[in-house]
Amino acid sequence: MANDPRKLLVTCALPYANGSIHLGHMLEHIQADIWVRYQRLRGNTVNFICADDAHGTPIMLKAQQMGMTPEAMIEMVSEEHQRDFAGFDISFDNYHSTHSDENRELASHIYLQLKKNGFISSRTISQLFDPEKEMFLPDRFVKGTCPKCKSEDQYGDNCDACGETYSPTELINPKSAVSGATPVMKDSEHFFFDLPQFESMLKEWTRSGSLQSETANKMQEWFEGGLQQWDISRDAPYFGFEIPGEKDKFFYVWLDAPIGYMGSFKNLCDKRGDLNFNEYWNKDSKTELYHFIGKDIVYFHSLFWPAMLDGSGFRKPTNVFVHGYVTVNGAKMSKSKGTFVKASTYLNHLDPECLRYYYAAKLNNRIDDLDLNLEDFTQRVNADVVNKIVNLASRNAGFITKRFDGKLSAHFAEPELYAEFAGAADRIAELFEAREFGRAIREITALADKANQYVDEKAPWVVAKQEGQDQALQDICTVGINLFRILMTYLKPVMPALAERTEAFLNQELTWEGVATPLTDHAVTPFKALFNRIDPKQVEAMIEASKAEAAAEKAAADAAKPKSAETELSKDPLAAEIEFDDFAKVDLRIAKILSCEAVEKSDKLLKFELDIGGETRQVFSGIKSAYQPEDLIGKYTVVVANLKPRKMKFGMSEGMILAAGPGGSDLWLLEPHQGAQAGMRVM
């Protein structure tokens with residue numbers, strides 16, 4: 001490590017302020033926190049920041065549904081988010097909001113600099129517009145029938161059923177997801193960031209060698225496909241920042257969201273006197289800037305964000321660390337199965353250190369998805385943390401307390417063994433630095449196996465019963481406790497709460513430098529249980545609680561959904577398509593009603609005598625509940641004239657009168673416009 005401590009600014013992607021934190025979010029925040037804690041443990045200066053992403057149409061609409069202002073809702077959600085992160089020991093130096101004065105000033109400044117430097121243009125575009133709510137509709141707020149597979153109730157940008165992507169204007173029977181109204185096309189002036197001007201800079205940044213290979217390869221695909229101008233504006237009504245100098249135009253949420261990193265850091269600088277904002281963000285900054293993000297937002301962080309920074313005179317990120325998604329038991333997180341687990345639900349049932357350890361044990365520096373297998377989760381935490389590591393302390397601490405008043409030996413009996421454990425520090429440090437946490441955990445647990453093997457071979461419980469072996473017993477237990485001390489130092493970034501309890505037991509802080517020298521002639525405190533094993537029933541209870549929460553939320557959401565206006569077509573869908581030749585076989589004619597009478601002993605039928613143009617027909621029709629017979633005499637209607645005569649109980653019916661409606665009293669006879677004559681063909 002260099003003599004001068006590094007200065008690092010580290011961020012996590014900003015959680016959206018319209019919902020709860022779940023175990024998918026926690027992967028990123030735990031990954032970043034482990035890396036940050038490792039850097040601090042090595043003496044580096046780290047500013048670890050985050051904020052809520054608090055703007056956009058979804059937040060505006062959800063606040064309306066909840067009957068509160070967007071400001072009140074995002075404040076409530078922020079409190080929940082911060083409570084969850086604190087519960088998992090995520091050690092942010094500052095947690096802020098994109099809806100802040102700092103962010104407004106920085107977003108406006110960056111936009112105006114980009115505009116001044118010729119990177120902003122405007123043009124008129126056509127978008128779907130909700131005529132009832134009087135608002136333009138984002139793609140995800142339009143629903144309809146997929147133009148490819150014809151699946152109904154699909155979003156305006158892609159079909160969940162067949163995976164097809166499309167424009168919302170291609171949907172069949174599109175409806176606003178906000179009001180249920182049929183959207184119309186409307187023109188509006190929008191503002192665009194000229195991303196193609198930054199292609200050469202972005203290619204050079206990609207070739208720097210610091211980006212993950214998967215990210216660099218993906219960027220190359222985007223370059224080959226051609227970079228496009230980026231729409232950075234949205235029309236009122238919209239919850240966000242107004243664009244300087246424009247009326248009813250707002251910054252798109254993805255413009256001011258990453259600027260939220262800067263806004264949160266600026267807020268931290270204003271709180272403290274020892275931080276200089278410009279030192280970290282100026283174009284020639286010597287500090288390091290790292291973003292931890294999920295693979296779903298690589299596009300914004302690897303293209304738009306560095307280009308915006310470069311075009312407005314700020315530094316670019318040192319690196320962007322991308323991770324995959326979380327699956328549970330090999331499948332996508334599911335609310336119905338209870339595997340879509342909120343952070344708060346987890347905290348109600350299980351120790352956060354368990355998840356921190358399990359995620360660390362499976363994380364690497366690639367963009368791989370991570371599977372939270374709940375059975376493996378239980379077994380691994382119990383086997384590694386309880387049986388191998390914590391048990392190492394409990395096997396030795398009792399003897400030290402009872403037989404030696406808590407005092408460790410004045411000399412260390414196994415210097416070579418200690419040197420082997422301490423010598424692993426550089427190797428484990430390299431793995432932590434490279435975010436190869438899974439490999440680091442494997443190194444640590446391999447050392448734990450050796451430590452337990454040493455204790456098994458020395459068998460202090462046997463030595464304790466032997467006369468005159470007190471010094472040997474104290475030496476063995478001193479070695480065991482020191483090996484435990486090294487292991488817990490290596491695990492300190494992963495399990496900070498367990499490390500803190502270990503420090504209380506050892507009566508000494510765990511430091512990376514301290515690993516070099518064993519702890520001797522030192523008093524430890526009486527041993528208390530440091531960690532509890534996972535009971536599978538706790539996991540089951542968490543899953544059941546998640547199911548119940550999801551069901552309650554779905555019921556509430558369904559009740560709050562705008563009811564789409566029911567149409568006649570939705571109540572009675574179209575029949576299967578027929579060929580034109582089939583339709584051409586039907587002979588529809590205008591008929592004049594010469595007489596009409598009720599059929600005795602029938603609740604539904606009227607008997608008609610019809611003139612179809614020089615020929616008289618007898619027809620029975622089931623519209624008795626809708627009309628009085630005398631009211632129909634002399635009217636014109638439409639009849640199927642070539643329908644094969646049908647013998648009925650009350651006589652022969654020689655055609656079919658056409659009427660519309662669901663039935664009963666809700667039936668309406670089809671009548672032609674004035675001028676139509678009996679016998680005319682209906683074309």
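From the backbone N, Cα and C atoms, a Cβ is placed for every residue, glycine too.
According to Swiss-Prot, the feature motif ''HIGH' region' maps to residues 15-25, out of the candidate ranges 15-25, 81-91, 499-509, 664-674. In Swiss-Prot, the motif ''KMSKS' region' annotation falls on 332-336 of the listed ranges 122-126, 217-221, 312-316, 332-336. Remote same-chain partners of the motif ''HIGH' region' (15-25), defined as residues 6 or more beyond its termini with a Cβ less than 8 Å from a stretch Cβ, comprise 50, 52-54, 56, 58-59, 62, 73-74, 77-78, 80-81, 84-85, 97, 325-326, 328, 333, 340-344, 346, 355, 372. Proximity of distant same-chain residues to the motif ''KMSKS' region' (332-336), defined by a Cβ-Cβ separation under 8 Å and at least 6 residues beyond the stretch ends, is recorded for 22-24, 326, 546-547, 550, 554.
Among the binding-site residues listed here, namely Cys146, Cys149, Cys162, Cys162 has its C-alpha nearest to that of Lys335 (ATP binding site). Considering other CB atoms within 10 Å as the measure, the emptiest surroundings among the binding-site residues Cys149, Cys159 are those of Cys149. Spatially close to Cys146 (Zn(2+) binding site) yet at least six residues away along the chain are Glu152, Gln154, Cys159, Ala161, Cys162, Glu164, Tyr166, Leu171, Ile172, judged by Cβ distances under 8 angstroms.
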